[in-house]
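> Feature annotation from TrEMBL assigns domain 'Laminin G' to 20-195, 205-384. If you look up TrEMBL, you'll see 425-520, 550-644, 661-759, 893-987, 1127-1217, 1276-1375, 1409-1501 marked as repeat 'CSPG'.
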Amino acid sequence: MKKQLGPPATPTLKYIFNVSPAASFYGDGFVQLKATESSDHNVLRVRFRTSSTNGLLFLAAGEANYFLLELHASRLQVKLDLGSGEQVLESDRSIQFNDLAWHSVEVKHVSLNVTLTVDKNSHTSVKIPGPHHSLNIVDGLYVGGSGGLDKMYLPRNLNGFRGCMDEAVFNEHDLLSSLRSYTGYKNVYEVSLGCSPQFFATEEDAISFFSSRAYVSVPTWTIHQEATFQCVVHTSAKEGILLYSSAREGGFVALEIQEGLPVAVVGKGGVKTELRSQTFIDDKKWHSVKLHFSSKSLELTVDGEIVKSSISSHLKRLHLKGHLFVGGIDDGTRSEVRKLGLASVSGRRVRGGSFKGCLKNIEVNRVKMGLSHAVITKDVSVGCEPESQTPANPTSTSRPLLHLITPTPFLYMSTLAVGLDRRYGSDFVQLRNLEVQEGGRSSLEAKHIKVFLDFKQLGVRQSQIMFRIQEQPIRGQIRLDVDQEQEENTFSMLDLWHGRVMYVHGGSEEPDDFFMFSIFCSSRKQVPDYLKSSKLYQFNITVTPTNDAPELSLPEGNLFVLLENSKKLLTSDVLKATDVDSNYSDLVFSVLGNLNAEAGYLEMESNPGKAVTSFSYVDLEELRVFYVHTGVRNSRIVLRVSDGEKVSNTVVLRVMAVALQYRIATNTGLEVVQGETAVISSKQLAVQTNAVKQVVDIRYDVIEPPQFGELQRLHSSGEWRHTESFSQKLLEKERLRYVNTFQDVQTSNVTDYFKCRVNVAARVNTEIVFPITVQWIKYQLVKNVMMNLDKVRKVMLNSEYLLARAEGVALSDENLYFRVLTTPKKGKLLLDVTVLTKNSTFSQRNLTDNKVHYELVDRPYEDTTDRFKFQLVSKHAQSENYDFQFSIKADANNVYITNKGLALKEGESKLITKEELFAETLSTADMFYTVISSPKHGRLARISQSNSNASYDNLLTFTNQDITQERLMYIHDDSETTQDEFTFIASTSQGFKSFIVEDEIGSKEGTFNVSVQLLNDQKPIRVIDKVFHVVKDGQKLLTMEDLCYHDADSDYNDGQLIYTRRGIPLGDLVLANDTSHRLFQFRQQDLEERRVLFIHKGANTGRFVFFVSDGKHFVSSLLDVSADEPYLKVANNTGLLVQKGRSVTISTRNFTVGSNLDIRDDHEVIFKLDEAPKFGAVYHNETSVESFTLADMKDQLISYKHGDSRHLADHFCLTVKTKGLQVTERVAVKVYLESHQRPPIVQHREALLVEEGKPVKIDETKLEVSVSVKNFAAKNLGFTNVEKFHVAEGESVVIDEHKLDASNLMSKLPAPLRSSHEVWFQVTSLPQHGVIIVGERNLTKEKPTFSQFILNKYGITYQHDNSETTQDSFEFSAWLFPVGRTARRPQDERDVVVERFNITVTPVNDQPPLLKVKTPGLNVVQGDRVALGPENLKVEDLDNSPEDIRFSVISKPSNGYLALGGRLNESVELFSQAQINNRSVYFVHDGSSVSGVFYFSVTDGHHKPIYKLFNIDVSEITIKMVNYTQVSLQQGKTSVPLSQNNLAAETNGKDVTIYYEVTRPPNFGKLLMENQEVTLFKQEDLISGRLFYHMTSLSSSEDSFGFSAFTSEANLTGQVLNITVRPLIQVGRGLRIPNGITVKFSSSFLNVSELAYMSDSDPLFEVISHPKYGKVVQTKPKMSKRVRPVESFTFQEVMQEEVALELNANMTGVEELNDSLVFVLKADNIQPAKGEFHFTIVPNDPLLFPTSESPVFTTSPIPLTPIKSSRNANASPVPSTAFLSTLGCLNGSITRPFASHKGALAWLARLLLKTLICRFTSHSEAQKPPLGPKRDPQHS
């Protein structure tokens, strides 16, 4: 019913749809769309936010009709008059709209009904009375204000809207889609892009006034007894209005600045009182100003200085009216003020007069006022900004880039136009970008626009140069504070000098803006054309982004309703946070104040029961935040959101809990046909609650299931399963069904039902019964008639004999089935050609269509019957069982065959007797056999008779007589086959019979099977016989490539062949993974699995004998071995043969290398392309490569692809590398044409038998290769433009005979035959990225053909699949075939031409770039530089290459700069994704410790750019220890080197030279380097081993020193390195000691003979810790029989067995226990060392230890040496090392030095004593049996 009455849209409408989502209205702004239309269906959608209580939102204006939406006293109000009087519709009183939250409004007018919907959940409506239903619009549509429209239905004091609006759509008109005015179509006034910060300012925020027309108006200033106004001022202005308010009867109150002094003026009726302060306030400092007005006096206070004046009596009763103006006045009030003679609007300020500066702490009648109370504002901003100085007249000659939009007129260089300067020519206008903060403002000054002209020659002044704004900015506004007499939207050069032109940004996120302007001259003199607005210039504005605070709104209103004592999900529909310049994952919600604990709390899904006061936006989006109600019904939650830096506005969410109410809303029951299913949904069963958008758990538990079916639910796997409970949600999703499972025929009309218990929110429950009405099915067998078979083998079973019907349901013949329960015994049932078996089915339709047959297996010898049992079935039910019978008459001429087959051994012959094969009839036994298919692996023979010369081999005929007389024989050909057969026809008639006529009597066909038992009769044959090459004294795997045998027995696995070898004179065979395991026998499978390793040693050449056996046969052979220096050579290089434009696999048949190296893995052999092919490329799968491995080649992954050029020869060079060797070889490539030549075909290839050492000729009977040559070329087929065939991405194209024509194949036929043939095509390889359409069908593998006739007449269509591909193709065959016959592919492939049709796809740029890295950023070490890679910043575009994806840096990083590789000193702002992928883009850090960001955009040049922040995290330079292990010093030594194994550090800084400074020296030693003590050393000293620790004090068993590690950039302090002394001792290992006995210590336990020898003393053991399960005791206590633990003992006591180990452990249930003795070992003049003796305790077994003597656990006897005791002077034998002889014992004494005569005598006595002891020891040790367990003789 809508009728468009307005004019058509003008072409300029294309600019409307390029804007940002939000618009700001300041109280007097509006958007007007000049539209005329009439409709009775109207829809208005508005979304806004405001702090105002009144304001016009929308107006559709007619002459008398109107549709108005406004805010009135914080409520929404719709006023509508369609001709029957005004109707008013108001929103709910509970919703307040001045809360700065986003509110959505929808008003629907449909005929008589008007509905108002607020925040999607509050609805009010009204009906329109009277006959008028259409809204007639003639004066247009208005948003935000009425634009001064004068209509009777509009009040004079109608307030405009002040706030943000991001949607205003009326019917099809999007009124905010553009904020530009278009003459005759759209008018936009005082509306800016973005949501201004003004609307969120508080009373505490200061206000800046930045133009001569700036002002703020607030509600009327009321005066009772007195009135006050006060504020704090900051300005440099000499004049300006601070306050103005009109009064009745021409009265007014004003406060202005005159010559820098505040002046208050009160007037009425031409009389006024003026009060002037003497305190100047224009000094750019803050000053407090207060105006107090009463009926008696006027008082002005400035910074505490008061001036006061009484007022006239007629001024005492001022009644103020209208708005109170602060900082300036509007245009309507200016003429009134000008008449009053206020200085601020006099003279040159007559058109302005506003205060310029900053005001704060504004109070009216002691009530704080601010922008939140404003009615209208103009040219103000939030906060105080520094006042800019008026720029001087510019003289700079810098020449920034000029942007010209219209073409520059051509100027001859010889003659310039008048006034142009030769230095600049036509480029006399030079521009410099204006920079402005996002949401801020900035003045255009003379430095931004410079004009270089010869003004003297022109005769004009520079101030007469004027600029006309032709196109306003898109994302902001140009505010002109110029003389109002100037033409609209113009400014002069003088205005630029004085800062009167200002750009105010709207706050959007785009990084730039621009406006278009032209230049003209205001002089009346004649000026050149270039000063007549003939050219357009573009002025660019750069916007610096700022982090805006996030915004929080309540899309569904501020009421959150949930059930009592329940929990409800918080969603983004309840809380909506928006932040245009932050990642949503960074936003965090906070609950302010104390959440009412008595009412409820917020909790997270992952931690139920725990209250939280903050959560992330991700938690909200992923539905993890719940509100849990616990107490009082009404409460509230105060929330705000933060992006980590700034916080949003605060919202209050009211929470109301209601009591649960429910009812059974639906229980209709269900109707279902027997055997079918029916879905149960919420339409049949539903419970309704009073929950509002809250998930309430409603469960149904089945307490009485259905009787004739079951309930099933649909699981996520797609499977229906039985269930006994379900939920309301399951019903809503229709995932519950009832299945009738009763299959039998029901006799009565019974119903079904189920009973369930309904549980609502786990609180209340009730029982319900759900009825189910079943429509039962009955069957009727109408016909069941016996069939007669007389002299026929096959009859048709149709509906004349068998007919059934169903009752109770409309069941077609196709769906009524007969199920076969038992099959016939003498025949078979057939459905078409398929044999019906048990449980097979056929339908009534099959019977009606004559598709069911009964066929006898054999004709019977006597009359008989046959039957099958069946039942009627459908998807609904099944019937009882029925029988169907056949009556069969006998046939005397029917052939009956006994055919049991034959079994024999491989190569054997055997008679075929009557028991195996015999045919006969009832009337005769004379049968004749014709073999129509002979045996394949043997022959039939007739045993010859002496009087016959006939050939009896390969019989084709024989008789029953041959069988009965045992003359028929099968002879096997000795092949490796297990089965054979021949097919025959047995007939009563004599003669050769090749087939049986249908229904022929007296003949029958049969197949005779022969089973062959294989024999092992084949010897293994060697198939690989070559010299085995190995590296001298090296090793190499022996594999199947070196040695291989084959056993021709078909049932034998070659892997089981057994190799046995004898001695090998030049090496050995071992197991590859265990070279100590020699191999004398192995299987061929071991060679295949690379388990056999040959190790060379000895002669360089030789051979060895081996035997190969298959278990029965043995063969012997030799393996020749050659050992050489390592080599790598090319063994085979045949070159490649490839068809033009095609590819060929490079395999080991073409190129092989030989080597004697031990190469275990084919990946070790690497092929590198040294010289690439010129006319093709080498590929790995589909990827071009320059290197590959031998494994790739063996896996058939490497190929050469010809580039389809005209060149028919190519080559490339390969370098093969492995294990340090390499060889280079040239590989030739020959190219052949499809039309000229095919690859060679092997016709014959026979095995060759050669005697050793003799030649043999190879002729064509052994090896023959042929080449197929075509007599026509592919180009002659007429394929035109195949290579240049193009199709656009996602489009289709027709292929006709001009592109595909094979009609000249007819030339192969004689002329008379051509008309009777046609060309057929078969697509053998379908396109991968599209389909081929012939007619209306797609070509498929099943139907791939079409003819040249179809192609010529209709063409075929290729349809691309819209994938991001650039190439496609399909392969086809073409051949000739007779017309009118079904096309078949010729069997002879030589009659077929194969070609490929190539398609080039033109890509379409339809995919925008996508940022693949979630948070772009990198980590850099302080002061370092890092290359950016795709892991840091990656943008993908399916339509463009990485080179086309371009990044632009908008704001540079604050802690460094970006640079390109090779130019790291130059900062860059432009780079591509390809440069990132190549890691050629670097970030160079400036060395500071702070992290930073840079802001960038990225685009493909086609789609809208992506804007993002890139984070740069800075890591401090650190040092860490990587090796830090203690130093071990051998006891008896005093020096040990320190290496990097003990001490090593690394750093992440640039300076990698690490120093170590000793902060605490060792207590008992020194650190030495080159015998000099050091306290400072480097890491290199540790690596080279130059640093030593030298122990100077031998009193301690350990030492340590403290140190710090440092570089020039970092340090690591507080480190300690420990040094321990390692005891010089041999401790028994793996000792197992029985429990409960005393074991004497011996040298097998503790042997310190070397220490004793070194110190010439008896070493002492000091016990630190006795064993856990025992103690060390003396074996010979002197005074007491009780043994006591010892705290120390000597080595002499150990040797004299005076010290023992007494063990007493609880071994119940334990097989062994580990224990140890800890001690300190000391000796004279040697440092002590801490040691530990470990042993294992085992249970005491009397069988193992029969005596009480201590078992000894040493492994060999130890000779004894006399030494000096540490405790007394007695000498005792102690063990020395086993290799010392008696002489060795004495060596130490002989060489012992002495310093005095007395020492010499002592030495002589000791030497004599040692000699005696050594001899005694040698004699006694020789008599003693060996200690310890018996030794293995082999080991000995």
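From the backbone N, Cα and C atoms, a Cβ is placed for every residue, glycine too.
TrEMBL entries are annotated by machine, without manual review.
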> So which of 1127-1217, 1276-1375, 1409-1501 has the most C-beta pairs under 8 Å when paired with the repeat 'CSPG' (425-520)?
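The stretch I would name here is 1409-1501.
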> May I have the DSSP-based helix, strand and coil counts for the residues of the repeat 'CSPG' (1409-1501)?
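So the repeat 'CSPG' (1409-1501) is made up of 8 helix, 40 strand, 45 coil.
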> For the repeat 'CSPG' (893-987), how many residues does DSSP put in helix, in strand and in coil?
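Here the numbers are 5 helix, 44 strand, 46 coil.
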> Kindly report the helix/strand/coil residue split of the repeat 'CSPG' (425-520) according to DSSP, in that order.
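Split into helix, strand and coil, the repeat 'CSPG' (425-520) gives 12 helix, 44 strand, 40 coil.
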> With helix taken as DSSP H, G or I, strand as E or B and everything else coil, how many residues of the repeat 'CSPG' (661-759) land in each class?
5 helix, 50 strand, 44 coil
> What are the DSSP helix, strand and coil residue counts for the repeat 'CSPG' (550-644)?
8 helix, 47 strand, 40 coil
